[in-house]
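Feature annotations, courtesy of TrEMBL:
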ACT_SITE  Ser582  active site
ACT_SITE  Lys625  active site
COMPBIAS  1-20  compositional bias 'Basic and acidic residues'
COMPBIAS  21-31  compositional bias 'Acidic residues'
COMPBIAS  44-54  compositional bias 'Basic and acidic residues'
COMPBIAS  700-712  compositional bias 'Polar residues'
DOMAIN    498-675  domain 'Lon proteolytic'
REGION    1-65  region 'Disordered'
REGION    693-712  region 'Disordered'
TRANSMEM  198-231  transmembrane segment
Amino acid sequence: MSNDMDKDDRHPEQGARDSDESTQQDSEPEPEPTPVSGDQPTDGNRERGHHPDPEGTESSSIDDLGSSVEVSADIAEDVDDDDLLGGLLIDSTDEIEVPDRLVDQVIGQEHARDVVMKAAKQRRHVMMIGSPGTGKSMLAKAMAELLPKEELQDVLVYHNPDDGNQPKVRTVPAGKGEQIVEAHKEEARKRNQMRSFLMWIIIAVVLGYSLIIAGQILLGILAAGIIYLAFRYGSRSGDAMIPNLLVNNADTKTAPFEDSTGAHAGALLGDVRHDPFQSGGMETPSHDRVEPGAIHKANKGVLFIDEINTLDIRSQQHLMTAIQEGAFGITGQSERSSGAMVQTEPVPTDFVMVAAGNLDAMENMHPALRSRIKGYGYEVYMDDTIEDTPEMRRKYARFVAQEVAKDGRLPSFDREAMEEVILEARRRAGRKGHLTLEFRNLGGLVRVAGDIGRAEGADTVTREHVLQAKRRSRSIEQQIADDYIQRRKDYELSVNDGFVTGRVNGLAVMGEDSGIVMPVMAEVAPSQGPGQVIATGKLQEIAEESVQNVSAIIKKFSDEDLSEKDVHIQFVQAYEGVDGDSASVTVATAVISALEEVGVAQNIAMTGSLSVRGDVLPVGGVTHKIEAAAKAGMDTVIIPAANMQDVMIEDEYKEMVEIIPVSHISEVLDVALEGEPEKDSLIARLRTITGSTLDKGKGTTVNKGPSSPSPQ
Ligand SMILES: Nc1ncnc2c1ncn2[C@@H]1O[C@H](COP(=O)(O)OP(=O)(O)OP(=O)(O)O)[C@@H](O)[C@H]1O
């Protein structure tokens, strides 16, 4: 036995080489595994490796990258600007070639795309901030495709005869790890065969001696049992010398891409499994219980973490160490597990990190981790929309083809179906002359339309299928909003005609794509002490802010002093998730109406943000808001003039509502308030105090005050 142990104490590869000649014959000479330790060259040079390489000399495989790739399909010579397919001379998505490389499939996001290509060349970290579904993880995957595959490594963990709780770690070029493990297994198998043979001979001799010569049957059986156990125990410890192939890149086609979004510490940093036996010959050797984390599997590739701020601080700190050192030892993550006693030698973690999220993610992430990315990488803000050009529309048609190809079961889309998807991309952009870059949702529409076509057994997906998909694939917010409108109709709570004092039909957005009518009621009453703003409903903060904004205006034109009054505001049936930022024009109108006791027209709905000077500033989601007003039976909608270019309502609503653009609160009051004399005197007062040059009549623009960006 001691001979066996001595043999296993040799360099692990030595044993492997001796034992398996056939493996060696078919393959290249086995490379010497590289120990990974703190002074490993990769570690020491780690930060240097992340400095910019202005010449981009580090990887020539990325040098052939073009910029944005044009669609491969027949294109008309003279492209009509209005052509929804940007001049593509095709009948269906079948005729569009989908590029092989992910980076060529990315549409828009030119800046992020350039950064990713540069960062891949220079092996630098990237932080991508932006809306969901705009291609952050797609770009991170694309980056992995761009990293050189030649550098990939396998990682092996070996038993450490000097300290069983500190397994040794070795790296070899990708594909060699499997060979080494196989060689060790083969050697162990042969050794076991030899041992079994030896064991049976000894047992036979002992039994023979006990039975024939000594006549001691029982003693013979006992001795044979002891010999059997001794040999079994010996063979187990022989098996223990087989290394654990921790990271296997034998079949990896590109540099690894590891998505660690929402990962727990063990999955991110690696773990050592608990061993219930721990001793007595039944235990599993510690090196066999070591599990790699995403940081180890991503070695030489990309580690992608979305919503990085949701990682606990300890994990963020360890992540930072792994980035800094280029290697990170694995230990058991649970303190109560026997795995916590084990700590491997450092395992390489030479990955490029792509951290993603929205603005909150950036603000809440560990400051040191953020500064590490800043110092040794790039930060990029993702676009939400892109200019609507014929070239871009061709790419959107290609996007439909990409999604069809990716799904693999959907019928192809015909011209009109592609056009309808592009129209929807325009609508979802919420900005004139732009297309949305929120592709995940658009891809969802393509899949639902494809599924409808497939369920009908259609050869191609048509416009009608896309329209049906649009009706079916309503978001939760849209479903709540529609349900809300229906219920208000059922209970006759919607007021959409006549005049009511202090009540205004406001408009708000829920989620990203649903408008909702949110009536605001105001009541002004003398106060016992200093006046205050009292809001019922869920939007206290918004009410206070809106009243504060409007109080400056009211103070000027009204004899009433708001500071001596209690202003009660109610957002009627406000829902969780309703974004009320754009309610300030509504609140102002309701308060002025209540204060002056003038009725507000209920056939009108409104949205807009108000400056302290009375300017109506642009807001988000106007298209959805106008559609919500139309659904609820309003026939007039007041919106900020600056938002006019963003209106892209569906045809069915166009006939139902008149849209009135306004630039100043006086225009809102002109349109919405009841009674000529009262209204005229109110507006005249407003005009004097704000210097407005309001022309009478609906929707005329006055008093171009300074405008600021939309609050949404
Ligand atoms: N710019 C783009 N060009 C082409 N397709 C895109 C683009 N962005 C997203 N997609 C499509 O949408 C899918 C989802 O995108 P992806 O997962 O990259 O979004 P994300 O920004 O990482 O979103 P999240 O933050 O919610 O994870 C992709 O698999 C791809 O099909």
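Using the three backbone atoms N, Cα and C, a Cβ is placed for every residue, glycine included.
Ser582 (active site) sits 11 Å from Lys625 (active site), counting Cα to Cα. Taking Cβ-Cβ distances under 8 Å and a sequence separation of 6 or more, the neighbours of Lys625 (active site) in its chain are Leu507, Ala508, Val509, Gly515, Ala605, Thr607, Val637, Ile639. Note on the domain 'Lon proteolytic' (498-675): mean pLDDT across this stretch is 81.
Within 10 Å of the C-beta atom of Ser582 (active site) sit 30 other C-beta atoms, taking all shown protein chains into account.
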